[in-house]
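Engineer: Okay, handing you the structure first.
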Amino acid sequence: MARQTPITRYRNIGISAHIDAGKTTTTERILFYTGVSHKIGEVHDGAATMDWMEQEQERGITITSAATTCFWSGMGNQFPQHRINVIDTPGHVDFTIEVERSMRVLDGACMVYCAVGGVQPQSETVWRQANKYKVPRLAFVNKMDRTGANFFRVVEQMKTRLGANPVPIVVPIGAEDTFTGVVDLIEMKAIIWDEASQGMKFEYGEIPADLVDTAQEWRTNMVEAAAEASEELMDKYLEEGDLSKEDIIAGLRARTLASEIQVMLCGSAFKNKGVQRMLDAVIEFLPSPTEVKAIEGILDDKDETKASREASDEAPFSALAFKIMNDKFVGNLTFVRVYSGVLKQGDAVYNPVKSKRERIGRIVQMHANERQDIDEIRAGDIAACVGLKDVTTGDTLCDEKNIITLERMEFPDPVIQLAVEPKTKADQEKMSIALGRLAKEDPSFRVHTDEESGQTIIAGMGELHLDIIVDRMKREFGVEANIGKPMVAYRETIKKTVEQEGKFVRQTGGKGKFGHVYVRLEPLDVEAAGKEYEFAEEVVGGVVPKEFFGAVDKGIQERMKNGVLAGYPVVGVKAVLFDGSYHDVDSDELSFKMAGSYAFRDGFMKADPVLLEPIMKVEVETPEDYMGDIMGDLNRRRGMVQGMDDLPGGTKAIKAEVPLAEMFGYATQMRSMSQGRATYSMEFAKYAETPRNVAEGIIAKFQAGGKKGDDE
């Protein structure tokens, strides 16, 4: 089957935003105007097509990025048909991993901002992730019909808060309840959408007299931005004082693709205005798969040679599994982004990360949670495969004869954990299966069994994250679970260098055990080193044979899993084996492993050991009246206020760093202090030393035989 849409007419885009900026409604409108969805789904009544998980409909927030394919030929059918793959990403901080995951496979993004709330904390997080993956983007200021809407204020905030370079290509006609349409600065005409057809039809009109000067000023700004794309355009502009429509689009496109500028539009998705022009901008300014840098990977050879795969059907097949979901009808759905080559139903693919070959059952194109079977996928496509058993998020799938491992995704370590147990013994096995599947879908969610207590521990990125996991166990797998109190993932480390002997000697009849080492423990700067532990050796003259170095390292690492101070994992240590002795007969791997473990245990306690706790970046938005109470409460929680911003409508944004241990139950407390009017967001910032008085309580509990983590 030949390719139906040329790859140059593909756009793989993400729609990304802060909670309540109206992102899901915007996506809904895209599906409506591109003809996929007949009745517009509103989040207000819990019926949006993209928010397909039940919890999302209840909570009104988007949790998983559903991928949808649609087609667009322009508001006035001015383009040949383009294929747009839309990935809807969540806007809640606990789900930042989902955003990160979708950024990896996108070619361009559309950032949605609220015309009233503007650039909010989560917007900054998403912006940083888009910078990290160098994703070209445009911005859409939504909710122009709301009281307090101000397009130009959001333009300013993008500059000051995000360090962005926004270039509006439309300006609004009116605002709040007088918002009627936009002035298109490229055409220099007013666009008015037809209410009766829910915005499917529109007409160009004259620019309202009171807007002519504003429009002219912003048009000049836009034309200058386009002219800076090349010397040729700049010369033309300086000679003629203006640029043609084609030149403006070419200049803005070149600079958007280079991430130098962000084209800005506005509208009201809810009122069916503006999304149509934004779709045109996606085609005009965002890249096709052939216009972004070719994906890089590592070949399957001794030297791990770097290689890239061009976005072409002729290149060997390569794809990235960026999301795994469990579907009650077909089982595992693996969402893949195809970077090169063609994959047909029934083909075998190779997974170099797991060194396994698997066969593809069906290939389905998703529209939110409805699916359509297709025969093949080609470079640039995003689709879901059925029947892959051993694939995890972030794995590469490729052609067996041309093996390549694409860059893996990095997932943050969880910061919060809690114990779960099934309400009935009968549910034990069901719970294990459920947790296993959920962990496969979501790499930022981890499950392990506590060795001391035998309890099942689940860990994630925040309270909401774990709430939703427990909720999904109940809904999708029918497992009722009791959950324990949340526990903080503390860490242990050292502050000074020490040298320590470690000796393991056992003498019984016959062959004994003998391992003897001297190890130097040094503090390691985790951030600078890019790792949490390092092992080195400086053994001279073979006093410890080479074959036992690995055993010493292993002994130390095993001891680090459950630290010496309070049983928490140890980080930030460099261990150097520099001396020791051995016995020809009695020395073996186990002896040196034990010697290494003892040296670490004893040395650690002399190296000025400390407990580290996760510190969260917290941002609270509150009406000014409650600011004093909120600040006082953050201080009581050992918070350090970093700064404050004034937001529109007399609201203040308070930025602080607060230990996670002090943040449990914060949402309830904050709501009661502000009569439900304050909101907050929280994300992991760093690990920092726990104050002595707090650490002493945790250590004392551990030494008295209490379990780690049951600190209040």
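Easy rule for this one: first residue shown is 1, then count along the chain.
Glycine residues also receive a Cβ, built from the backbone N, Cα and C atoms like all the rest.
Relevant sequence annotations retrieved from Swiss-Prot are reproduced here:
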BINDING   17-24, 88-92, 142-145  GTP binding site
DOMAIN    8-290  domain 'tr-type G'
Engineer: Name the secondary structure element type, per DSSP in three states, that contains Ala17 (GTP binding site).
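Structural biologist: Once the DSSP labels are grouped into three classes, Ala17 (GTP binding site) ends up as strand.
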Engineer: Validating a neighbour-count step here. Other CB atoms within 10 A of the CB of Met144 (GTP binding site): how many?
Structural biologist: 28
Engineer: By a simple count, how many Cβ atoms lie within 10 Å of the Cβ of Ala17 (GTP binding site), its own Cβ left out?
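Structural biologist: For Ala17 (GTP binding site), the 10 Å Cβ neighbour count is 29.
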